[in-house]
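> Provided herewith is a single structure, encoded as structure tokens, for subsequent inquiry.
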Amino acid sequence: MINDDHNQLAHPISDDPKTPLLPVHGEPVLQRKLSFRSSLSSIFTLKNFYILLGPLLSTIVCLFVKLDGPVTSTNMLAILAWVFAWWLTEAVPMPVTSMSPLFLFPLFGISSADHVAHSYMDDVIALVLGSFILVLAVEHYNIHRRLAFNITILFCGDPLNPPLLLLGICATTAFVSMWMHNVAAAVLMMPVATGIIQRLPTGPTQSDVENKFCRAVILGVIYSTAIGGMSTLTGTGVNLILVGMWKKYFPNEEPISFNKWFFFGFPFAFVLFIALWVILCLLYCSRGSGRALSAYLDKSHLRRELELLGPMAFAEKMVLAVFSILIVLWMTKSITDDIPGWGVLFNGRVGDGTVSVMMATLLFIIPNKKEKGEKLMDWNKCKKLPWSLILLLGAGFAIAEGVESSGLANVLSETLDFLERAPYLAIAPAVCLISSIITEFITSNNATTTLVVPLLIQIAKSMHLHPLLLMVPGAIGAQFAFLLPTATPSNVVGFTTGHIEMKDMIKIGLPLKIAGIAALSLLMPTLGAYVFETNKDV
């Protein structure tokens, strides 16, 4: 009894729910145990292992790998192991990993800090900055939606022709994606697509014909976004990375201009676009679909949506004019050897990035005539600029230069001598397929291009081929991420609408991937040889 009273005095019982049940003097010990355990569990995580994996692989390469070349070639291989480990595992954010050459190159004796920093701002990166500012202006003034509705009305048909309407939606998406980044184009066009198919019944009342057409529209937007981006330099970061690496590795060669890429990229994208449309029509648009859909989809609905946007304001017209002038300047800077274009007036000092930034600057000068003193664009509207892509581009250019200057390029070239007798028509499809698989399952198409292209340059040297004969298939192949919803952000945008399933993506993506690889393997040694002049020595 005395003991019980003593215990009650030592540990008085309270009805207050906030009073701890355990002894107060025991809490610090328990907390120390729990905090120690939580500290251990927070340290020994998979993500922290991935963080350590980069330096660990780099150390292993430095200690155990002996290359038949200068010490800097081994050091460069160690840097590649570090950077690629972080890129593939995303142990730290990709933009941060992209900045790592700024400290790794000086520490490993590859090049000076100033020299590395120059890779992070050149004409290609200026092209990205200027283009994206124009894209943000297009977004801000809803020009993309107006364009989409006008073109779709044109293709609607009377009476309704579902394959023709699908062609209009896909063609509009591909056209928009030609001038802006794939993700931006998908985000902008998906509401237009879902707005059109919202007219159809949903749930149990939806017929098989209606369900298939909904799937076709969403799949069409996803894949048209990717295909449209392949046709121009500004359509996707992959094309810009390729052009930048060509410039870094072969500074004495003629750079790949906007119109040179367009003369190859657009015909290829057109062939792939037709293949996409045919596949969608065969699998998702039956013959009697027009009668079933005509009760819900007609021109009057599309016209009502367009009327809600109102008439074009002065600001919209000016943004459209600036964008149109930019495209014309890009296309006419350098045309052919006989017709040199306006770029000859400046003795080759003007690049595509020069024009892009110049036209973007006009947006901050021209008034929008909505409020006094307000311009078409201000810097607050530019907060969505893709700094992650810009840093990734810079890292790719720095790595390309480091591989060359360190002597690693020569070592790789000697290692790949066994490919010298391999036929091109066997290597090109393999390059496309490998690039697309890496993008599909491992990393982004931008990172895949950064990983694969330097290696392809050495393979091309071993085979005594023009480097672009492998660089272009490798880069474009990295954009064939057609099978999985998670392969690219554009796929995610379509998948989250709930209208498609993974089996739909595989059903369309697999034949589309095969068609893309076949078209690229045939067009590159024919049209590509003419456009890129691959018969010349590099």
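Every residue gets a Cβ built from N, Cα and C, even glycine.
In case it helps, TrEMBL gives these features for our protein:
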{"type": "TRANSMEM", "residues": "49-67", "note": "transmembrane segment"}
{"type": "TRANSMEM", "residues": "79-104", "note": "transmembrane segment"}
{"type": "TRANSMEM", "residues": "124-141", "note": "transmembrane segment"}
{"type": "TRANSMEM", "residues": "153-177", "note": "transmembrane segment"}
{"type": "TRANSMEM", "residues": "213-241", "note": "transmembrane segment"}
{"type": "TRANSMEM", "residues": "261-285", "note": "transmembrane segment"}
{"type": "TRANSMEM", "residues": "306-332", "note": "transmembrane segment"}
{"type": "TRANSMEM", "residues": "344-365", "note": "transmembrane segment"}
{"type": "TRANSMEM", "residues": "385-403", "note": "transmembrane segment"}
{"type": "TRANSMEM", "residues": "423-456", "note": "transmembrane segment"}
{"type": "TRANSMEM", "residues": "468-488", "note": "transmembrane segment"}
{"type": "TRANSMEM", "residues": "508-532", "note": "transmembrane segment"}
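What does the local environment look like for each feature on the list?
Below 8 angstroms of C-beta separation, residues 73-75, 77-79, 81-83, 85-86, 89-92, 408, 411 of the same chain, each at least six residues beyond the ends of the transmembrane segment (49-67), sit close to that stretch.
Non-local neighbours of the transmembrane segment (79-104) in the same chain are 47, 50-51, 53-55, 57-58, 60-61, 110, 113, 116-117, 119-120, 387-388, 391-392, 394-395, 398-399, 402-403, 442-444, 447, 450-451; each lies 6+ residues outside the stretch with a CB under 8 Å from one of its CB atoms.
Same-chain residues lying 6+ beyond the ends of the transmembrane segment (261-285) with a Cβ under 8 Å from its Cβ atoms: 162-163, 166-167, 170-171, 174, 212-213, 215-216, 219-220, 223-224, 227-228, 230-233, 235, 239, 243, 331, 472, 476, 507-508, 511-512, 515-516, 519-520, 523, 527-528, 531-532.
Within the chain carrying the transmembrane segment (306-332), a Cβ under 8 angstroms from the stretch's Cβ atoms is held by residues 134, 137-138, 141-143, 145-146, 149-150, 153, 179, 258-259, 262, 341-342, 352, 355-356, 359, 362-363, 366, 368-370, 376, all 6 or more beyond its ends.
Taking Cβ pairs closer than 8 Å, the transmembrane segment (344-365) reaches residues 122-131, 133-134, 137, 233-234, 255, 257-258, 319, 322-323, 325-326, 329-330, 333-334, 375-379 in its own chain, all 6 or more past its ends.
Long-range contacts of the transmembrane segment (385-403) within the same chain: residues 76, 79-80, 83, 93-95, 97-102, 105, 110-111, 116, 119-122, 124-125, 128-129, 132-133, 136, 181, 237, 240-241, 244-245, 248-249, 409, 412, 446-447, 449-450, 453-454, each at least 6 residues beyond the stretch ends and with a Cβ under 8 Å from a Cβ of the stretch.
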